[in-house]
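Undergrad: Before I ask anything, here is the structure I am working with.
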Amino acid sequence: MHRAPVGRNAEGQYFMFCFEHVKEYNKGYNFFSGLSDSEVARYQKEAITGHRPTWTVGVNKNAKNGPTQSQTRSGSAGAQARMRDPFGFVSEARARSGRPEPRQRKLKTLEAKAFETLGLGASATTADIKAAYKDLVKKHHPDANGGDRGSEERFRAVIQAYQLLKQAGFC
């Protein structure tokens, strides 16, 4: 005895036939009989995902509002920057528990000097750091100042400050 499916609306139910009759039954069996072409196409499209619900890629508005990877910082400050709380659940829980908001990253001495060299505060964004670097390099470049030694030293200090901030993950 061999199983043969009863039909589309009777899944899990089978007729029991001998081998010869199963072959004959299967030749004439059509799972999509009684369905229009558009219904068959819809079934085939849904079968790609196993008939599970799907959503269009990129429609989540919160996916666009977060900082880009290049704007995030490293360490615990980076983890805080990447965390999103669109409904305010975490901030409400912190307010109820009396715990303060997470602290900003404490600058090391060289990092603070680097920000000072670029003329920026510790809360400067990646874009601010890059803009200040670009302006100062143009201003103090030896070709722009006729080879002035004082300007050349400032030029080196600006480059070193930017490289330090870049290595520290600020830009």
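One is the number of the first residue shown, and numbering goes on along the chain from there.
Quick reminder: no glycine exception, Cβ is built from N, Cα and C everywhere.
Pasting the feature list from Swiss-Prot:
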COMPBIAS  57-77  compositional bias 'Polar residues'
DOMAIN    113-170  domain 'J'
REGION    56-83  region 'Disordered'
Undergrad: State the mean pLDDT for the domain 'J' (113-170).
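TA: In the predicted model, the domain 'J' (113-170) has a mean pLDDT of 89.
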Undergrad: Per DSSP, what is the residue count of the domain 'J' (113-170) in each of helix, strand and coil?
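TA: Taking each residue of the domain 'J' (113-170) in turn, the totals are 43 helix, 0 strand, 15 coil.
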